[in-house]
Amino acid sequence: MAALPFRGGFASAPATKRPRGNHSREPELLVITLDPRLCTLEAAGAEGKALFPELWESILLFLRAFMLLTAGQKVVILGATAPVMPLCEICDVYAWEAAQEGARRAAVKLEPRAACLAAVLSSSLCLVHQAQRQQKLQARVLVIDASASEVDYIEESSGLVNVAFAAKSQGILVDSFSLGSCPSSLLRQVCKLAEGKHVRLSSTEKFGEMAAPEVLAASMLFHFLASQVENRTYDEVTDMQAMKTAIEEYLDEYNQVFSIIMPLVMFLDACEHCARICRVLSQPNGNVLLLGVGGSGRQSLTRLSAYMNEADCFQIEVAKGYGMTEFKDDVKRCLMKCGVEDKVQIFLFCDTQIVKEDFVEAINNVLNSGDVPNLYANEDFEAISSSCRQLCQSMGMQPTKANLFSAYLSRVKKNVHVTLAFSPVGDSFRNRLRSFPSLVNCCTIDWFHEWPAEALYSVAKQQITGQNVELPNLEGALKMFQTIHQSVESSSKKFLQATGRHVYVTPTSFLELLTSFVAILADKRNQVGTLQHRYSVGLGKIGDAEQQVAGLQQMLVEKKPVLEKTQKEVSEMMVVITKDKGEAEEVSKAVAAEEAAAALKAEETQAIKDDAQRDLDEALPALDQAVECLKKLRKEHIQEVKALGNPPAGVRLACEAVCIMPEAALETSDGCFWFVELHALKLSGQDYWETSQKQVLVDAKKLLEDLMDFDKDNIPDKVIATIGPYIEREDFDPAAIKKASVACEALCLWVRAMYKYHFVAKAVEPKRQLLKKAEAELAECQEKLDAAQSRLREVQSLVTVPQAEFNAAVQKQKELQDDMNLCEVKLQRAHKLINGLGGEKARWGQNVKDLNAQLGLLPGDCVVAAGMVSYAGPFTSQVRGECEELWRSELKVLEMPHTKGCSMSTVLGDPVKIQQWVVCALPNDQLSIENGIIIDRARRWPLMIDPQRQANKYIKNMGKETETGIDVCKLSEKNFLRTLELGIQFGKWILLENIGINLDPALEPVLGQQKIKDGSGYVIKLGDKSVTYTETFKFFMTTTLPNPHYSPETSVKVTLLNFAITPSGLEDQMLGIVVAKERPDLEEEKNNLVVQNAKNNKILKDIEDDILRLLATSEGDVLEDDTLVDKVTDSKAVSDDINEKKKVAEVTEKNIDTARESYRPVAFRTAVLFFCIVELTNIDPMYQYSLQWFQKLFTIAIDTSPKAEDLEERLGILKSFFTEQLYQSICRGLFEKDKTLFSFALCTSILRGDKMMDDTELRFLLVGPTADLVENGPAIPAEWVGKQRWNEILTISSLTAFHGFSDYFATHVDEFKPIYDSVEADKEPLPAAWEEKLSPLQKICFIRAMRIDCLKAAVISFISNQIGTKFVEPPTFDISKSFADSVNTTPLIFILSPGTDPVSDVIAFADKLGMLKRFESISLGQGQGPKAMKLIETAQGGGGWVLLSNCHLMESWMPTLEAIVEQFNPDNMQTSFRLWLTSMPAKSFPVQVLQNGVKMTNEPPSGLRANLLRSYSALSDEVFKESNKPEIFKVLLFGFCFFHAVVQDRRKFGPIGWNIAYGFTPEDLLVCRQQLMLFVNQYDQVPYKVLNFLGAKINYGGRVTDDKDKLLISTILQTYICPESVEEKEGYKYSTSGLYYAPGAETIEEFITYIKGLPLYPMPEAFGLHENCNITCAQDEALKLLTGMQSMVSLNAGGGEGGSADTVMDDTAASIQERLPTPFPLDVCETKFPTRYEESMNTVVKQECLRYNKLLWSMASSLKDFRKAIKGLIVMTAELEAAGKSLFVNEVPEMWSKKGPLSLKPLSSWYLDILARVRFFQMWFDLGHAPPCFWVSGIFFPQAFFTGAMQNFARKYGEEIDLLSFSQRTMDQITDAPAQLTSPPDDGVYVYGIFLEGARFDCTTHQLEDSRPKELFTDMPPLQFLPIRNRVPNATDYRCPCYKVVSRKGTLLTTGHSTNFVLYIEVTTDKVVDKWIKAGVAAFLALKY
């Protein structure tokens, strides 16, 4: 149950971060103020509504209040008159019983005044007690009598907690407050009583002193977030700004905590919503239903409120494939957080997330019980048990499984708060409320209405100022934003009324407006500023160049003498320098010779040195190796060798070699000390190991130093000779010795190195000597060279100074020459620059001025442009223009400067870019160009409404021009998400085609452009993947639905664009097609010119931009920039060349356009025809035609049409031929009933296009009078004219052509009587000059006014005269022609009508083409989808045919069928493949399939002649040859064919033709023909009775169910199958006119010739009917024709504005309610009319009173409920809604018709009839006995009445009632039965009120006669029904069936009575009874009016 809607707020900001948690508070005070009227009631013992309705209403009020209290809400009610519950009444059975019982108990014991109070208090406390038991609530009740001046009897149960004031509801939300009739003194006492009891009423005195009107205007807000969560109190807000500041601080804190920020503007309205949400979510079981369109802030405010309440906000994420399983998992996760983790969760759920309605059911369960059935798994119960065990024990319950789960649910209900963000748009919302009542009962409702002006202003101001946008008139701009938003809201409503198209304007749209404005303004300012800067710089550069020219010329004059003087000085200096240079040259030559000799010597010396060094390099590696080894030796290694007692041989050998080598040291004074001793030992031949050990190895350091410093260059030869054997020894190997000692290895290496080095050094020594000598000679040469160079320097020094002077002079000469050359170059450049840009100087100068002015106008211009970009997409060109005009006028009012006539096209349109778009197939009309601009500038991705696929083609062509390309996909494709993913990743364009009403949830991240920063780039989450986002990615969507209704939630995500083709755009396209076919050379040249012009314009634009850029970016002197000047020169040449080409192209294009324009009439005609056929979809959803199909048909027509040399003749042929081809093609797919309508629509479209038809006259023809001019106009001139006809004539006289016609008609009324009486009024001439004066259309208007039944015939004649008879003769069904129009990708579609089955035709055609073996068919139904798909797949590969029958029966599979057809690829299927479909008209049938398919209808042709032609077209002369009695067979066969045509065509006359319309088929005729052949051939005498029986009872009669129709069909057949027809041949006529008979033809062709001579529209006499039947039929057909034309032809709206639908319905209900009769008192009725054996009429009257009482009760309750529901006081149930719709269209609501008598009357007539019926029975009731005569039309169940009359007679005379039957005596002498029949008959009854149709009863001849012309129904005289025993009816009398209503058909009740048929009335006649049977004569108790 929704709480009383208080508005809450917050007075202080959150000081610190508060802990999260849920804190319940006990319910507070309920204050009730009783209405003073309760205290003045005189009677006690009231029991409910019947006796004391006012008391009952008050009780209901209190019941509602306490129901709120039991839900834990804070409730205060002051005043019983204010409605509290705005949406629905909550009064369950217990509540009603409690209230009644309380009132009963109180009334018994107390006096009246106290009884009333006690009754209310008792019932209320009873409810509270019940609530306390169920929910453990504590309620404090205070009851106040509002009429008392003191609070002397106020009862306080437990003290006051809080006092507040109730709100008076407006709709559902609350915006004002009421204190009812409570006096201020009483309020003061209440407030005084509340003092000190935790009540905060800061405005107590204010409310105490205010009068009621002032209190009503008071606005009260409360808050409860001034302290910590657990200690919050509910306080009144005294400072609104403080509340706003508090919420904004919470918002800032939220944005700091969460990564996804919410840039909200907290205006007052948003703060109030936030306060409401916070208040509800803070209460136990507090749930809220937020109602508003998408983008109104419901979700954002919920997230903020959840944060303010310190709770988590939980929301599901819907992705592709998200279903009920995933949803239940999410719900379980949320609930377990509440129950297991004991956390508060705000479950935010939006209606856009409802993938299945099961989701809502689950939410309903959560609201109601906190649980969802079958939600938890076994493992979940373990977690629940462990977490809730302690809670269960604390509650004093045993921890059983049930108790644990109960405790868990209590915790869940405490912690979970469901917030529903639903949209009220459409039927889904109301259906959900009806299906799931907890959405209302368990939620507080908060409506999010349109943003108020204050909100728009605040948001705009924050957005604009927050982005530092500089605006000269900020206030004007902010108001302008308001105006734009509110004006578009108004325009969208008008647009909906005018076109039926929904456009939603939401707050998101407003935010988009602001964003667009900021972006557009910044872009335009940048663009204009850049251009202005560039133009200014360019002008400056040109000016500088012009100024420099004179200076440069003066510079040349001044520098020329200086240059000549310098040249002379240079020549003189050159002579001196030449002489000095000669001397220096000689010295230089000598020095050069010396240098050459020294160089040669140096080279020789170097060669010697290099040679010696090469020899040394051989020994050096070994030496280096030895040195390295010595370096690696350590002291320890030597000591190890020394320590050896008995060293190995290798060690000894190494030591010995070391001892031998130093012998050379003996000759030196510083040799090693031990060398001498060792040498001595050696000479003595002793082993010197021991001495070496003691002398050589004793000092390792010294040994190493000696070895390193050894004089290797002076080793004696004898030492070498001594050591040589050692070297040659194998064991003197370093590797071998290393095994013994590392130290000895080094010694060995050293010895070997010394040995090798010796020989090398010895060989090098001579070279060294030679080198020393060479070096000495080199030194001598160098000395000579130095001396020579010294002399050279001395000589050169004498030349240097003059040379320097000379060089300076030359440099000066060069500089002077360069300066002069530069001056000349600059002069040339200046001339080039001035010549190249001189022509632009004036234009650029003007551009700078214009751009300067434009900068100041940009804010105003950009406001208009941004408004169009943000809002204009879905609108038509007309609405867009109106919006722009309104906004421009508002700019003037607000004094915002703007460009005159500024629009989106002028502000944002780039002519060069637009031309490029046109080249890419964008239609060149204003609407399409605006759409192109919006696509280019809008932030949101475009969704284009593209029924003709123009946008599709344009986007594809544009995508192909991009570098990354474009991919096209459909939602039906399995891999469309993969295509989208790749497009995002690689920056492609993606075009999503053929989307429906609902978008795939997987597109949500793309539509929302939810890019996430990832490093240097962005990623977007698509499904479960994160895809890299490339900035070149673009996304486009198109739908072929002509009028899709996208929800506000979808509309705010995309940029909706109306791309429906315009007449001018289509005309241009068709012109291109016809010229391309007729003059391909012209069209090709034209296309080339368009492309070339676009290219040239782009080049010119690029050239200018490039020049301006170079000028702007060049630094310094522009004349020094050779590149710039050359660029200007080259650009000038290119520009001049292009301009020349453009001039030539303009002339050429003009000539081409002139030639092309000659074909404009054909293009115009085709455009007119297309818009005509497009409107056919308003007639039937199956009549869908695409532009591609239309253009293809046009192309074929051009190719196949007759040729002509003369252009005018050719144009005429093209127009007429294509019009006829189109008519033929369309008619094949139209029902018979719509073919004349299409012909008329075609004719009017052509004439209107040719300006040959006046729209005012056409409007009158189609709509007729729109006001009653008879009421206050001239008197009706004659009785036969009638009010309706006279109103038509007065209306038609207002037309210009009919001026004065009404006056002429009134004075010459007799001259118009022949037209009124004529059977063919449309062919009658008009009186006097009117015949010549009026045009054909005006004559049709006259026929409409005078004889609307002849209108169709007049229209047919009009069509024939205007465009030809071939347009009123539709083609017959020909499946072969339709097949010829198809290809393998084109479905062939049969549109079915009742009684048709084309399957046999398809099978026969397949057999004819040899496809029967490859033909498969299936009838669609449940489970047949996969089979059908398999058949199609197989047939595609095998080239077969597939027939899918009854597609309308499988509505759910139609999207799959559409996907299959969309994916047809001619490359993947056989050419012979065909898909055949049959379907009844159904909106679910795929539009795409219909538009591209070949449509056919195969229903019985309309008209007698057409039926006969069809029957005989299927025959051949061979049939006659099969008969052995062809003369008889031909006659009887024609009779059967005529009978078939008659029974078919009688259906058009409605019930008078057949009680039930039967679907007779050609197969019925075929069987009769076969039986006729059999019986004629086999019998000598034709068995006519057998043929009649078989035909009427079996073949045709098998379909007939009504017994009257069975008699009729037998009678009809006997007319044609009889001996007379054979015997008399052509003399036997089928009708009185003599036109119809069996011709004496011999061949089929002769029969067809006769048939074609029959009337196209036969008169009713051909069917045996009276000519009046044609009137009803013709009137119905005419009205249907006009109604259809109204939807086919667009006319200007007319008439005044009526009230809203709700107002009309409420007024209608009120008018009925006011006059509703009082029900009959049944108890009194029982007393007055007791049940008596001798008077059955008493039972009849009681039953009738009861039946009418049930109707009146139903009407009274439903009217009351409906009026409450329409005001929002109770739920608008489906039944009440249906009743309201019926009231609006003047129909009887179904809930009344079910309880009321059978009737076909409209509501207004029906209600008058009900009143008359009730008055009749009220008269009967007042009489107290049966009246003398009975108005039988007013009896609900007349069969019971006649049975009662029969019973009275039988009981009176003791007769058996089964032997009695009624005889009727016609009392034609009685003219006024109630007045003249004042006493009842002795036996039987008098009845009156019966009507006759099809004939009349002549009171003169006292028998049945033909009806008078135009008298459709006549009154039957009063009748006396007299029962007679064993009565034998008179065979010559006509047994006329009597029905309740004129529909005739009915059903049998369980009682055996018909719901319609009453009885037969025997009427005297002197004619053959068959005449009246065929004429359909019947009696009725009630008519249709």
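Cβ coordinates come from backbone N, Cα and C, glycine included.
Unlike curated entries, TrEMBL annotations are predicted automatically.
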Field: Annotated coiled coil segment (source TrEMBL; candidates 764-798, 1079-1113, 1394-1428, 1884-1918)
entry: 764-798
Field: Of the residue ranges 1-24, 481-504, 1009-1032, the one that TrEMBL records as region 'Disordered'
entry: 1-24
- prompt: Is the domain 'Dynein heavy chain AAA module D4' (262-519) close to the domain 'Dynein heavy chain C-terminal' (1679-1981), in the sense of at least 3 CB pairs under 8 angstroms with a sequence gap of 6 or more?
  reply: yes
- line: When counting C-beta pairs under 8 angstroms to the domain 'Dynein heavy chain region D6 P-loop' (1384-1497), the leading stretch of 262-519, 915-1138, 1529-1668 is 915-1138
Counts by DSSP class (helix H/G/I, strand E/B, coil) across the domain 'Dynein heavy chain AAA lid' (1529-1668): 92 helix, 2 strand, 46 coil
Message: Can you give me the average pLDDT across the domain 'Dynein heavy chain AAA lid' (1529-1668), rounded to a whole number?
response: 92
Query: Counting each residue once, how many in the domain 'Dynein heavy chain region D6 P-loop' (1384-1497) are helix, strand and coil under DSSP?
result: 51 helix, 24 strand, 39 coil
